[in-house]
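Annotated transmembrane segment per TrEMBL: B:12-33, B:45-65, B:86-108, B:114-131, B:152-174, B:186-207, in sequence order.
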Amino acid sequence: MKMKEKWNFIIYLVWFSYLILSAVLMFGQGFLLSRKTLSDVSECVPLEKFGCDGHENSSIKLPCSDDDKIRRILSYSGSPIVCAPKKNKVALILVDALRYDFTEYDKNNASPLYYQNRLPVIRRTVDKWPNRARIFRFMADPPTTTLQRIKALVTGSLPTFVDMSSNFAAMEIQEDNVIDQIVNQGNKAVLLGDDTWARLMPSRWHRSHALYSFHTWDLDTVDNEVDSKIYDELKKTDWDLLVAHYLGVDHAGHRYGPNHPEMARKLKETNARIEKFIEALPQDVILYVIGDHGMTETDSQEWKSTDGDHGGESKAERTAALFAYYGLGFAGDESDRAIGREVQQTDLAPTVSAALGRPPPAPSLGNLLLPVLPNMPVTHTLLHLSNNLKQVTQYLVRYGEESQQISSDKLAQLINATRAQIDLATEVYTQPELRAYISDVRNLMDKVRGAFREVWVEFDSLAMLRALLLLLLAVFFNWIVTEGIPVEHIPNVFSSTFVPSGLIAMAVCISFCFTLDYFEMIDNLGHAIILSTGLVSGAMTCLLVITHWDGITQRWSEGRSQFYERFARTALFASAAILVSNSYIIEEGATLSYLALTVLGLLAWNVRTMKSLLLWAGFGFVMVLTRSYRGCREEQGDCWTSGEGISTGNASRAALVLALGSVAAVIAIARRHVGWRGYGVVIAGIFACSHWAVGWGSLGSPSRSRMLARGAWLVIVAMFALLWKKDGKGPTMPLVVGGLLLYLANTLVLGAAFAPTAGLALLSGFIALNVVPMLKTEGSTKFSLTTRCSSSMACLWALLASYHFYGTGHHATLGHVRWAAVFHAGDPNYTPLGTPISVALMFVYLFGMPLMFGATVPLLALWGRNGAGSLGPRTQLLAVFSLCLKFALCFAVRVFACALSATIHCRHLMIWGVFTPKLLFEVGSCTAALLGALIGATLTAWHVPSQVRSS
Amino acid sequence: MFSLNNNLELRRVTITSLLTCIYLPSIVTVISYKGLLYSVGNASSVYILVLIFVAELLKSFYLNSGNECQVKKKSRNRASDIMKSIVFLFGVVFCFFIAIILFGAPVLEQHDGTLLLSSLLTLLTVFPLIAHTGVESAMQLLFGVKTFSRDTIIAMLVNNALMTVCGAWLGAVVIPLDWNTPWQQWPIPCYLGAVGGYLLSNVLTVTKVTLLSASNKYPALNFFVNVINRLHISK
């Protein structure tokens with residue numbers, strides 16, 4: 001008899017994964033929505049077109065001075081934006097990750113750190129020519145990644161979170177921006193450096209020399225290329241805006257951290273560059289040297305040369321520097337030029353536009369930075385200010401038309417305030433009045449920007465609620481299916497037409513949605529499909545529950561389950577429920593280890609033999625060991641201030657020895673027990689070890705090391721393919737080897753510094769696996785489905801899998817993600833499959849642990865002498881299926897809790913810093929766990945003998 | 001768990017629980033009145049442990065006082081028994097110490113706090129058992145060789161022990177919160193949690209006995225007895 005239900009189990013798991021992931025996708029689309037982008041473009045009317053009465057195309061043709069004309073225009077409140085009369089040229093030098101304190105100079109500092117006192121030219125210039133030079137703190141808005149910062153700099157707006165996902169495939173800017181403003185007017189812009197600019201704003205450049213920017217380990221190529229061109233460019237006169245983007249400092253920060261000799265070298269180079277710029281600068285060019293963001297604050301320690309990453313919203317990441325120099329002198333008085341004043345990055349776009357004689361870009365929320373604009377008469381200043389106010393008023397009006405994000409009352413209030421402020425310009429004549437007026441404008445603009453910042457994540461609450469509902473449906477009914485329906489009935493369910501009819505129902509749904517879409521009766525096809533399939537699946541499982549109601553009530557009335565089982569379930573729900581609190585998310589590593597240890601402790605207490613207690617103690621010891629590898633995030637305080645960020649993965653000698661030792665130990669012990677597959681594991685392990693050994697330290701050979709890593713991957717992939725070779729010995733061996741291969745993959749991407757953590761994770765899983773078969777079964781010593789497949793096992797496994805995300809040194813923060821894992825075997829961007837390989841490597845790097853634990857879930861049922869392995873194939877499959885589904889459910893519950901907490905806290909202060917990253921990482925873990933469980937279940941189904949014995 | 005069959009035992013159980021309900025809150029009240037409540041993690045607070053030790057010892061004397069045969073048996077090799085108990089107790093303290101560190105206490109620092117907590121746990125859980133039954137039977141109880149369902153006093157003691165451990169476990173819940181209060185310092189929440197759990201267990205015992213005797217007159221109270229029965233974990 002062939003087993004019909006064999007593949008139905010797998011299909012059902014796929015179905016369940018689809019339900020969860022599609023609902024999460026829908027939630028993400030609703031939750032991570034960006035602000036509305038308007039396609040408006042700022043227009044201005046040249047001053048010559050105005051008559052002396054201040055009206056456009058006026059009939060009165062009397063000669064008059066510009067001042068009078070501007071006064072008239074200002075007095076007429078309905079006038080359009082006027083193109084500013086004076087025009088300069090601008091050289092915008094962007095030094096990526098130029099933090100403000102890099103530019104400070106303290107001559108009393110006898111032993112400066114590697115990033116201190118390296119840019120003396122800035123302070124010298126400011127002191128020598130207080131009129132010509134300015135140095136300000138240039139505050140970035142989170143998220144502080146380069147793409148978002150460039151967008152913000154050119155549009156003057158606040159970038160939103162969702163743009164973050166497009167960092168690797170930068171798309172063209174859809175909004176009005178500085179470059180468009182000047183290019184449309186026939187002026188010319190030149191680009192040198194980072195190609196992100198060219199990808200954001202293609203085909204706008206008069207000349208461009210854009211260079212690939214994601215070789216984060218390459219500190220010099222881009223900088224040298226820019227240097228080779230920029231001095232020639234400065235001599236040329238055909239451009240109006242020169243953009244040069246240097247990457248070296250950022251890359252040095254990413255690779256070595258700020259406190260490293262390489263950083264000192266890059267900063268010294270920058271210093272020399274700025275000196276040469278100031279010398280070579282033509283008279284009419286304003287030089288802006290800016291940083292787009294800072295980098296995380298760290299102090300180098302002995303073993304851990306810590307990181308200089310960015311992406312988050314800490315003060316150090318947000319504080320960049322703005323250095324401006326203009327040979328003819330800037331406007332502004334003592335208070336304006338104060339060294340280190342805080343200015344917003346949004347202010348750059350209107351300022352550069354004004355310097356080039358253009359109105360601010362349409363979406364700009366910035367404020368004119370008069371202290372870095374050339375000195376000009378009062379009327380011209382007023383003209384610039386009123387242009388700025390008019391543009392913002394227009395934007396407010398237009399935004400109010402397009403979106404209801406800001407309440408109309410508040411919007412009307414802001415519009416009235418800006419209009420009133422425009423009218424006030426006519427009463428300004430003297431410098432003190434002007435000063436007061438400028439500060440009023442600044443306050444008003446701050447208010448406008450604050451109002452937008454407050455609401456600028458427009459959530460699609462309907463999609464979010466629907467997604468939550470779908471998640472709840474899937475989780476609830478599947479929970480009843482796994483916990484309620486008696487185990488004996490499940491094979492009948494799956495050999496019946498339940499799964500095929502479910503698939504047919506889904507197909508009908510999808511085709512129905514496509515039909516409706518064809519007739520244009522629904523707006524969002526994707527959401528319609530997800531919603532209808534989700535609801536239909538919910539209905540199907542509900543039907544299943546109803547038909548088995550008798551069995552369910554019988555099972556539930558039969559009495560309470562074991563205490564450890566109830567506790568394990570509670571622990572899992574607790575681990576999900578605490579995701580509502582930011583403190584627990586920050587300390588989640590400790591919490592998960594605490595819960596996992598307690599659950600296993602109760603299992604061991606249930607067995608209550610010396611051996612089980614010792615195993616428990618060993619498990620606890622392993623957890624304590626992983627503690628030292630746990631990462632540290634800024635919110636944790638203690639560890640952060642004592643300087644333990646995440647290390648860059650540059651292994652110390654001790655770490656290398658540990659890594660080699662752990663891998664060698666694992667393969668030496670494992671290879672004897674896994675038969676012929678052991679050879680593959682050994683070869684892959686040797687490749688991995690030699691990869692680290694050869695690449696270590698300054699004497700290592702990076703190219704050979706990369707070759708060895710590629711060899712290791714080749715062996716791992718080949719062995720993975722060989723897992724599907726049937727040898728008729730049951731599924732346990734292939735599953736164990738699968739786990740070992742995933743372990744090796746993990747060690748490879750984690751790098752030598754963190755490789756031992758993968759070994760510890762493997763060990764902790766192994767110990768837990770050995771406690772499980774000892775559990776007392778009622779009466780006989782025979783295999784008991786209710787004991788071995790109880791939800792406590794799945795919960796324990798899920799807690800472990802979630803814990804080892806932290807145990808391998810990760811943290812749920814976007815700023816701390818290191819990209820080194822992508823490059824350990826060479827840069828995949830040079831290969832034809834670059835992007836998929838990078839994505840896969842990052843996925844394994846971040847979520848390798850849920851993947852590994854997911855793939856080994858079936859072992860919980862099969863492991864041990866009294867495991868299911870000795871039983872009939874049907875029982876084996878049943879046990880494995882129910883465990884896999886329970887494991888997947890655990891992760892679904894956690895994702896649901898994350899989504900719920902993100903919904904609850906959508907206006908929380910820490911929503912972008914804590915809750916959203918947690919949601920993203922939890923979704924990643926869930927995906928990995930589902931994928932892993934699927935791999936494990938498929939492996940089992942593949943290797944289980946498909947013929948039921950005749951007896 | 002309890003029955004009214006053995007009136008003498010029941011009276012002893014009630015009186016010891018009542019005593020606990022009085023002396024433990026008074027200790028806590030006094031030290032919090034003196035402003036020393038948040039110093040329970042320091043080595044200077046050993047006197048609290050000594051007080052609890054004395055109180056528990058007196059309680060166990062009272063519990064054992066009627067048992068003539070036990071007294072006789074004990075008097076024969078009392079000295080070696082006491083030595084064994086002390087060694088066993090130190091072993092238990094050490095086990096608690098290790099377990100607490102495994103659960104997440106700092107590995108290399110604040111050993112005094114961890115040690116105090118593990119001593120407290122030992123005093124409240126294993127010590128009354130040993131004082132009542134002796135080392136051998138206590139070990140047998142721990143490893144589940146012997147059942148104790150018949151013995152009211154042991155049932156109470158085991159229940160107390162379990163509730164104490166649960167209290168300490170639950171106490172750790174507040175540690176990660178970012179409230180920055182003085183009582184979130186390690187090991188204060190767990191310490192107070194253990195005391196609280198022990199107290200709660202005793203209060204429940206007293207309540208239950210009261211209800212049991214009252215339900216003879218008013219059968220409606222049986223419902224509450226069942227509710228409290230469910231709260232007892234040891235089964």
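A Cβ is built for glycine as well, from the same backbone N, Cα and C atoms used for every other residue.
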With CB pairs under 8 Å as the measure, which of the listed stretches B:12-33, B:45-65, B:114-131, B:152-174 comes out on top against the transmembrane segment (B:186-207)?
B:152-174
Does the transmembrane segment (B:12-33) make contact with the transmembrane segment (B:114-131) through 3 or more Cβ pairs under 8 Å, each pair 6 or more apart in sequence?
no
Checking distant contacts: for the transmembrane segment (B:152-174), what same-chain residues at least six beyond its ends satisfy Cβ-Cβ under 8 A?
1-3, 6, 9-10, 12-13, 16-17, 63, 103-104, 117, 121, 124-126, 128-129, 132-133, 141, 184, 189-198, 200-202, 204-205, 232-234
Would you mind listing the long-range same-chain contacts of the transmembrane segment (B:114-131), meaning Cβ under 8 Å and 6+ residues beyond its ends?
40-41, 43, 45-46, 49, 52-53, 56-57, 59-60, 64, 85, 88-89, 92-94, 96-97, 100-101, 105-106, 138, 141-142, 154, 157-158, 160-161, 164-165, 168, 186-187, 190-191, 194-195, 198
Could you tell me what the rest of the chain brings near the transmembrane segment (B:45-65), counting residues at least six beyond its ends with Cβ under 8 Å?
12, 15-16, 19-20, 23-24, 27, 31, 36, 39, 71, 116, 119-120, 123-124, 127-128, 131-132, 153
